[in-house]
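In what follows, a structure is listed as structure tokens, so that the remarks can point back to it.
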Number of protein chains: 2
Amino acid sequence: MIILDTTAADFADRFTALVEGRRESATDVTKGVTAIIARVRAEGEAALADLTRTLDRHDLATTGWRIDPAECAAAYAALDPDLRTALDLAATRIRAYHERQKPTDTDYTDAAGVRLGARWRAVDAAGIYVPGGRAAYPSSLLMNAIPARVAGVERLVMVTPTPDGQINPLVLAAAHLAGIDEIWRVGGAQAIAALAYGAGRIAAVDVVTGPGNAWVAEAKRQVYGVVGIDMVAGPSEIVVVADALNDPDWTAADLLSQAEHDTTTQSILFTDDADYANKVAAAVETQLKTLATAVTARIAWDTNGAIIVVESLADAAPLIDRLAPEHLQLAIDEPQAFFDRIRHAGSVFMGRHTPEAIGDYVAGPNHVLPTGRRARFASGLSVLDFMKRTSFLQLDEDALRELGPATVKLADAEGLPAHAKSVALRLRLNR
Amino acid sequence: MIILDTTAADFADRFTALVEGRRESATDVTKGVTAIIARVRAEGEAALADLTRTLDRHDLATTGWRIDPAECAAAYAALDPDLRTALDLAATRIRAYHERQKPTDTDYTDAAGVRLGARWRAVDAAGIYVPGGRAAYPSSLLMNAIPARVAGVERLVMVTPTPDGQINPLVLAAAHLAGIDEIWRVGGAQAIAALAYGAGRIAAVDVVTGPGNAWVAEAKRQVYGVVGIDMVAGPSEIVVVADALNDPDWTAADLLSQAEHDTTTQSILFTDDADYANKVAAAVETQLKTLATAVTARIAWDTNGAIIVVESLADAAPLIDRLAPEHLQLAIDEPQAFFDRIRHAGSVFMGRHTPEAIGDYVAGPNHVLPTGRRARFASGLSVLDFMKRTSFLQLDEDALRELGPATVKLADAEGLPAHAKSVALRLRLNR
């Protein structure tokens, strides 16, 4: 963890280093992923069975390729009732928030008599990757599946590795709640290849989303364009803006809630009080002593954590824009005024009683957000990622007479005479 | 050109071959592009100057790195008045259509007392690639730049190769009309690298759009994630649905207007009348005799063209969905009813007086559309490509009491105790 002070002589350089620091693991998996995709395209199911045997140590012919919906229903029924209620609340609220994202079609006729518009439709099929093992989060499954369902996707497919044949029952329960149509016990780059190109019994989909390790992320990057993908995801980050009126313990927990995800995550605090900064740093150390996820959180905090002391919190806004953080928590009295000054952030958590964790689970907005400065240009996952827009146009002879001559002029200027002719013939224009 | 009949025994196989046929050129430019990007990142401006000297045969130190806005204004002023009026009409109509795409922010408080919403903002800077030489289309510049301007992008940058120092004055005029802020005389993969990473005097942007050759397309694919890009584009295509009531000459011109773009483009006619099919095929041959772009159009039509004779036009709809064409022209009496049955198309042109060419120039909808079956999941370029959405959340203590316990339950179930703690501390919950 570093502590920076905006009044220090070397602040500009050190802050730039923080902004430009790459936390992505350097593993070069490109070639390995290319080879796996090629193999799945060439060999289909046989490649999936073989790679699953090698990497996940089970035989699909024995364990079964698919997980039965009945198994998911049973896992849901067997949940601890409080946990089931919590999961239900999450699903209901996520659905409600995403319902409002559904786009509106347009259809109008303008002064020239031209009918114009745009029509939105869901994609036919979406595939959701769900990691196996430690990072198997039911909340993540809901965050990916519910927007697809709200969009109206008819075929919702889940792929997930089941190492040694095992799967987290919580994930199955979430799959039941989200209404997944097909679950395949296949993971890794091979699962992404199967979703993009189809492989035997697994039919291809149109959009692939969901988190995964470096192999999964690279596979998504490589199939981008063959199918739609959610985004190129990197390590997660949070920026917390807190004045000295906050309990240092609350802020420390906020920073650690990001740090405990993964050793590559980043937690940054902006405060206008050097004494408060020290109190938070001390509270982090105290909490790390008892935190069950301390090993991970310690590495993330020590390696990537930062506390930045500003003279006035207003000074933080332009610095935060340079970081374009995935999560921005504003633990201050007038969070809206601060938010108004921010251009780039994936999601903003306003006020002292809005810890980021609330947004990870039950609040409603999507927790799949742009990381690694991508909030400069990218948005969180939404219903729109599972839909596409078709524009349309309708002219009658009068409207064509309005627009036709300009079209002929421009087509001729661009050296495209057949374009011009397709208009000129209909208007009996001499050219 | 092939003629298929849906009643033929081998139709299914031959249609599948048509759907799956790849028209992309096989050139493997991946490694070359990777090397160029690495070089621009390492050497900055020097790499741009050197590559421009080699590839575009001029010295940036002599010709100048930038094209002056005054030069664009002069090119606009010097246009043939009819052409200037046509370009003005195009810009005005494109702007009007895209104004309606501007998204609406949401901000509401739900029954649990939780404030939720989403805020849209433009990206700070966008870069538009404009090809040099033959494919330098002013219409394309307008279609890329105007949505960015409507979105509210503050810095709009254009890059374009100027082979031997030359540039198309029509492109300069369009740049003036679109209000481009900076024009750099740099092209190819090196220009995309400069836009994505910045290179000396060219500052990095957030989104890169615009058409280009295989090197440019591959460079965009490689920088995807560092910046946003419009899409992976491939060869263009049109599907025309026409009954025998259409003048065969009109339909032939429609098919050729696609074919004249490039040898890799594809034109497909669906008709319910075999005799009409033959008449259109004959009209194509006749028009090719005098068409100035006949060399290109002939290759495209012979290699990729198809006429598909269906028993009833209604049979065409599911076949068209498999093609998911970029352009779909419905030269029939009830185009809306037909459109209602289509799921996948980039843009639809309805009725006998709506040739696709009208959409290329002045109608208003964007002509940058998903190609090569990507209309299954992708949309045409829009204002949204130059904007991003920030979700937000605000809870007071009461609202946190509503959602907090479920969050703690789920965080504990997922093994993320700091998440749970950040909520529990605020509610003084015992865990």
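Even glycines carry a Cβ here, placed using N, Cα and C.
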*Of A:Asp315, A:Asp321, A:Asp333, A:Asp360, which one shares the Zn(2+) site with A:Gln258, A:His261, A:His419 in TrEMBL?*
A:Asp360
*Since TrEMBL lists A:Gln258, A:His261, A:His327, A:Asp360, A:Glu414, A:His419 for substrate, which candidate among A:Ser236, A:Ser379, A:Ser382 does it give for that site as well?*
A:Ser236
*Could you measure between A:Asp360 (substrate binding site) and A:Glu326 (active site, proton acceptor) for me? Cα positions, answer in whole angstrom.*
12
*asked:* Distance check, please: Cα of A:Tyr129 (NAD(+) binding site) against Cα of A:Ser236 (substrate binding site), rounded to an integer number of angstrom.
replied: 18
*Since the record lists A:Gln190, A:Asn213, A:Ser236, A:Gln258 as binding-site residues, which of them has the fewest other Cβ atoms within 10 Å of its Cβ?*
A:Asn213
*Name, in order along the sequence, the recorded positions among A:Tyr129, A:Gln190, A:Ser236, A:Glu326, A:His327, A:Asp360 with a Cβ closer than 8 Å to any chain B Cβ.*
A:Asp360
*asked:* For a quick check of understanding: among the recorded positions A:Glu326, A:Asp360, A:Glu414, which residue's Cβ has the most other Cβ atoms within 10 Å?
replied: A:Glu326
*asked:* For the C-alpha pair, I'd like the distance in angstrom between A:Glu326 (active site, proton acceptor) and A:His419 (substrate binding site), rounded off.
replied: 46
_Three-class DSSP secondary structure - A:Tyr129 (NAD(+) binding site)_ = strand
*Integer Cα-Cα distance in angstrom, A:His327 (substrate binding site) to A:Gln190 (NAD(+) binding site)*: 31
*Starting from the NAD(+) site formed by A:Tyr129, A:Gln190, A:Asn213, give every other residue of that chain whose CB sits within 8 Å of the mean position of their CB atoms, in sequence order.*
A:Pro131, A:Val159, A:Pro161, A:Gly187, A:Gly188, A:Ala189, A:Ala191, A:Ile192, A:Gly212, A:Trp215, A:Val216, A:Ala219
